[in-house]
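Q: One structure coming up, written as structure tokens, with questions to follow.
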Amino acid sequence: MKFANDFLFGAATASYQIEGAWNEDGKGVTNWDEFSKIPGKTFENTNGDVAVDHYHRYKEDIALMAEMGLESYRFSISWARIYPEGTGKINQQGIDFYNNIIDECLKYGIVPFITLYHWDLPLTLEKAGGWLNKTTAQAFVQYASTCFKAFGDRVKHFITFNETVVFCGHGYLEGAHPPGIQNDPKKYFQATHNVFYAHALAVLAYKELNLFGEIGLSNVFAPAFAIDEQQDNIFAANHANQYQLNWYYDPVLLGRYPEYVIERLEQQGYLPDWTLEELAIIKKAAPFNDFMGLNYYQPVRVEKLTGPVQSVELTRENATGRPGKPSFDHVYRSVMMDDKRYTKWGWEISPDGFVDGLDMLKQQYGQIKLYITENGLGDEDPIIDGDVRDTPRIEYISEHLSAVKQAIQHGVHIKGYFAWSAIDLLSWLNGYKKQYGFIYVDHNDNLARKKKDSFHWYHGIIQSRGQDL
Ligand code: BGP
């Protein structure tokens, strides 16, 4: 089977991880500009001040993407370039920058796929309460509408938010992302609700403009599976899916929150403060949401917790993907299993979990339109005689594209695949050591770009529309 001609082969990046130029051309300061400079927060105290300098090298980077045959490029807009203070006055230089990126993509026939929020929040808004403050939702709609009007003539695919579970979870439970708060479930659930509300408002605002494009949201896709057939563990997996999956998919796709979670949050006193009007907006927007973006890296293997819970020290590793932590409510924990494969950072490699998860999603939500908006291998790539030999990445993407193929054959409606990432970039907490790109960036040689083995391989896959996978 070949992938259909309208299936998009793409790759993704995010503003903070790639652009640099953190204080240039009128850009405001963001939560990440501040947070990454607190000693010990990131690996080797790396930050995005320069990142891989895409801000100045975007022409070279997009030319390479075109050479690779990329059909679509998913990138994010830094809110603080458009509104340095989050709201108020627009910074024209920010609009110009993204217009240049879009036009450069279109020059090569690359479809621009825009994420509006990939975690870099203008610091002024963070200081005013960030996602706990409902005015942030209003500010987001203003910012989003400005982007729709400025770019919507040429951009036909908008993602409102990237991975709500991550920036809220890391922000209010693990304290690993800004605002760095630990163990505060009440705040965590409140922030998620404010984000769903902002998403719904943005969807409605977009549809009012009649721009004839599509809008959706990108969620983490980490389906939970029980480690064995035991009833307790099966219960734990269902519980995990309710909190980690349905809580994030239901409001966007169905316009309501899962009853199972609501009941428990009510008992525990963690129910967000929401108004009937906000719930009505979420409901109204759901039918207008055009697609769901899935960021799949790994499934979760879960085990029911019994007896007293041993507290696990939060490390950068287990806060960012390595299994081992108990859930916030101490119902289950994620585990590593002897018969599974893992990356150097302890993330499970499971194309089968991908197919099973996609089948489960179809069962629950029907044939909704999906894009795989992230998938890829974080690795330390070997350089042999000057060439970047990233064979494990080729294997990883090959296996996962085959999984996508299988799912399509099962009737799952997937319209595109975006590898993470187009080019090596800054990993939020893991610096430059953890690489994901098809294009290597040499930090010892003025950030020179170099094509990896996977660059040529992906080119071939796109050319043949994945026929040989
Ligand atoms: C996703 C984020 C990306 C990217 C990726 C890899 O959660 O959307 O921005 O960072 O994960 O994560 P990491 O860099 O931690 O390996």
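Backbone N, Cα and C define each Cβ position, glycine as well.
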Q: TrEMBL has Gln17, His118, Asn162, Tyr297 binding substrate. Which one of Trp247, Trp420 is in the same site?
A: Trp420
Q: Determine, for the substrate site, the additional residues of the same chain whose CB lies within 8 Å of the mean position of the CB atoms of Gln17, His118, Asn162, Tyr297, Trp420; present them in sequence order.
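A: The surrounding set, listed in chain order, is Ala12, Thr13, Ala14, Glu163, Asn295, Glu374, Ser421.
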Q: If one looks at the chain holding Asn162 (substrate binding site), which residues at least 6 apart in sequence have a CB under 8 angstroms from its CB?
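A: For Asn162 (substrate binding site), the qualifying residues are Ala14, Ser76, Thr115, Tyr117, His118, Trp119, Ser218, Asn295, Thr373.
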Q: Between the Cα atoms of Gln17 (substrate binding site) and Glu163 (active site, proton donor), find the distance and write it as a whole number of Å.
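A: For Gln17 (substrate binding site) versus Glu163 (active site, proton donor), the Cα atoms are 15 Å apart.
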Q: Applying a 10 Å Cβ distance cut-off over all chains shown, what neighbour count does Tyr297 (substrate binding site) have?
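A: So the Cβ neighbour count for Tyr297 (substrate binding site) comes to 23.
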Q: Can you name the residues of this chain that are 6 or more positions from Trp420 (substrate binding site) yet have a C-beta less than 8 Å from its C-beta?
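A: Set apart from Trp420 (substrate binding site) by at least 6 residues yet with Cβ under 8 Å, we have Ala11, Ala12, Asn295, Glu374, Asn375, Gly376, Tyr436.
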Q: Over the residue list Gln17, His118, Asn162, Tyr297, Trp420, recorded for substrate, what is the maximum interresidue Cα distance in Å?
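A: Answer in Å: the longest Cα-Cα distance is 18.
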